[in-house]
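Chemist: This is the structure I have questions about; it appears just below.
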Amino acid sequence: MLRYYSKWGTNNEIFRLFEKMQKCNLKPDACVYPILIKASAENGVMFHAELLKMGLDCGKYIRNGLMTMYGKYGPIKAARQLFDEMSEKSVVDWNAMISGYWNWGSESEAKGLFDLMPCKNVITRTAMVTGYSKMRNLKNARRYFDEMPEKSVVPWNAMISGYAQNGLCEESLSLFHEMVSNGVSPDETTWVAVISSCSSRGDPGLAESVVKMLDDRGIRLNPFVKTALLDLYAKSGRLEMAQKIFDELDVYKNLVAWNSMISAYTRTGDLISARELFDRMPESNVYSWNSMISGYAQNGQSALAIELFKDMIKKGVMPDEVTMVSVISACGHLGAIELGNWIVDFITSNHMNLSISGYNSLIYMYSRCGSMNQAKITFQEMETRDVVSYNALITGFASHGNGIEALILMRKMKHLRIEPDRITYIGVLTACSHAGMLEEGKKVFESIEAPDIDHYACIIDLLGRVGKLDEAVKIIEEMPIHPHAGIYGSLLNASRVHKRIDLGELAANKLFDLEPENSGNYVLLSNMYASIGKWKEVDRIRELMKKRGVMKTTGWSCVEYDRSMHKFTVGDRTHERSGEIYDLLGKLKRKMRAAGYVADKSNVLRDVEEEEKEEMLGVHSEKLAVAFCLLVSEPGSVIKVVKNLRICLDCHTAIKIISKLEKREIIVRDNNRFHCFKDNACSCNDYW
């Protein structure tokens with residue numbers, strides 16, 4: 001009965017039956033202990049202790065069970081001690097020891113035992129294939145595979161799985177076809193590996209061909225194959241088919257099936273369905289939490305990603321680096337430096353080692369939170385850096401308008417023979433644009449071997465900044481590729497700044513065709529008309545938006561206080577300290593007027609009385625956010641605000657004056673760049 005339960009992996013039944021056995025005063029013999037040790041996983045050491053305490057002889061089956069247990073869960077030295085004590089070693093013992101060393105990444109010890117082993121079987125050689133595959137050394141794995149004198153389906157599966165797990169799907173599928181042509185019949189493990197290879201490509205056509213193969217061969221789909229198919233459909237965008245298989249699995253749904261469905265829904269942006277599944281899971285693992293947290297982070301729901309991470313910690317689930325990268329990115333998106341620092345402290349206190357990817361996320365977070373000094377320190381502390389590391393810092397310099405530092409960093413990259421990619425050039429060109437470095441930007445653009453559409457958008461933005469709009473139009477007309485919305489967006493903004501209504505109309509009309517749902521383009525053209533008093537044109541644009549069902553994006557500003565995000569919208573009175581905020585705004589307004597401030601009413605989109613225009617401007621979200629920060633922060637400390645849209649001209653002027661009056665540095669991150677206000681000046685030099 002114990003063997004029967006062991007075969008099916010029902011460990012609860014094993015221990016329930018063993019308890020009954022003890023109550024009947026039946027002492028376990030040599031056949032029982034290997035079953036108990038296997039079922040106990042890392043707790044098998046307790047049975048080893050019991051055997052030693054009672055002075056019982058550890059026969060060959062028990063020793064092998066203990067070696068396998070120590071090989072999986074450690075310490076591996078305990079396994080080796082048992083192995084060395086054996087006067088007679090069977091092939092099974094050698095195999096257990098070789099597999100144990102591979103499990104702990106000990107290549108030299110595994111290879112040393114393999115070379116010493118007097119008689120090797122298929123399992124031994126397969127262990128070497130699997131071990132090298134785990135270490136991503138596919139060349140050696142294939143060498144051991146090819147040197148096998150005879151191959152059952154097991155080594156074929158090991159090599160096919162090795163390719164699949166290392167992302168080499170073409171090699172995996174090619175080897176599968178070779179296996180079939182050699183007359184070896186695939187089993188369930190083969191099909192799972194093959195289907196997994198197809199999943200990594202996310203190709204719907206490939207999904208159909210695999211299903212046809214299964215149908216043609218009359219393969220009976222067990223839960224493992226069905227789960228692999230579910231993952232294949234999920235990754236290739238066939239959600240309906242994935243959901244159908246998921247429902248068919250019924251009681252056989254395992255963690256892989258649940259996690260695949262959650263990931264599939266988050267990839268399509270259906271976070272509600274993903275969360276419903278997540279909440280219904282009978283059990284979850286770190287991958288389940290990661291799927292949901294990264295789903296929130298990648299779909300712009302950063303606050304929910306952080307809240308779910310906090311729930312994960314409360315429930316005692318230990319996050320891994322994938323979790324941390326998602327949460328760090330979420331903090332960067334929100335501009336939440338306090339939360340970000342808490343995450344870094346969590347990583348340090350839990351002795352979590354970050355890879356290059358983790359450090360790159362930290363650079364991104366510090367840059368997005370306006371802490372460029374900390375971003376530079378993190379970059380300098382890295383032992384090894386890749387192109388993404390450089391891009392993260394260059395992009396940070398770009399958003400802060402540090403063109404010179406971005407250029408220096410790119411030159412350093414080239415000196416170290418790290419080849420810049422398209423993202424590098426976009427970052428450097430953007431930095432040159434934000435710093436007004438026309439000649440330097442032109443040289444960078446001309447150095448790009450085959451500039452793509454985004455590089456053209458950057459050079460158009462750079463020319464627009466310095467007022468060379470006609471030159472920008474000429475480049476657009478002569479471009480070898482069709483302009484996209486980014487090109488005309490740059491031209492529209494430059495037309496607004498330099499008051500070129502003719503080019504603004506041209507760019508806006510192109511944008512209305514290219515992205516008819518983007519409310520920002522309509523608002524920008526309306527602002528241009530409003531600034532010169534063309535109210536009929538303002539009404540025409542408003543009617544066009546209404547006709548097309550385009551809703552103006554709600555502007556908001558966010559600030560972090562006491563590790564929580566405080567969000568404000570225009571005229572917002574929902575905050576618990578609204579009374580104090582509006583009182584302070586009133587006092588600031590009087591101070592600002594005394595300092596010469598006059599509200600810029602040119603961009604108010606309604607033909608209303610001047611007094612009403614000024615009142616509307618006075619309660620913009622960024623002004624409310626700044627006032628709140630002045631209330632709750634220490635005198636002299638830096639104020640940081642994140643805004644989802646471009647900061648308006650009046651708020652830009654007002655915050656410059658507030659920075660001087662209150663003797664504060666105020667950093668505003670809008671959807672285009674950082675604005676660092678200090679002593680009545682802004683780092684953008686009034687162009688954004």
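Glycine is no exception: its Cβ is also placed from the backbone N, Cα and C atoms.
Relevant sequence annotations retrieved from TrEMBL are reproduced here:
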DOMAIN    596-688  domain 'DYW'
REPEAT    121-151  repeat 'PPR'
REPEAT    152-186  repeat 'PPR'
REPEAT    187-221  repeat 'PPR'
REPEAT    254-284  repeat 'PPR'
REPEAT    285-319  repeat 'PPR'
REPEAT    386-420  repeat 'PPR'
Chemist: Should anything in the same chain at least six residues away from the repeat 'PPR' (121-151) have a Cβ under 8 Å from its Cβ atoms, list it; otherwise answer none.
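Modeler: Hits for the repeat 'PPR' (121-151): 91, 94-95, 98-99, 101-102, 105, 107, 110-111, 114, 158-159, 161-163, 165-166, 168, 171, 184.
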Chemist: Could you put numbers on the helix, strand and coil content of the repeat 'PPR' (121-151), residue by residue per DSSP?
Modeler: 22 helix, 0 strand, 9 coil
Chemist: Using DSSP, what's the helix, strand and coil tally for the repeat 'PPR' (285-319)?
Modeler: 26 helix, 0 strand, 9 coil
Chemist: For a three-state summary based on DSSP, what are the helix, strand and coil counts in the repeat 'PPR' (386-420)?
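Modeler: For the repeat 'PPR' (386-420), the helix, strand and coil counts are 26 helix, 0 strand, 9 coil.
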Chemist: Along the repeat 'PPR' (152-186), what average pLDDT does this model show?
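Modeler: That region's mean pLDDT is 89.
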Chemist: For a three-state summary based on DSSP, what are the helix, strand and coil counts in the domain 'DYW' (596-688)?
Modeler: 34 helix, 16 strand, 43 coil
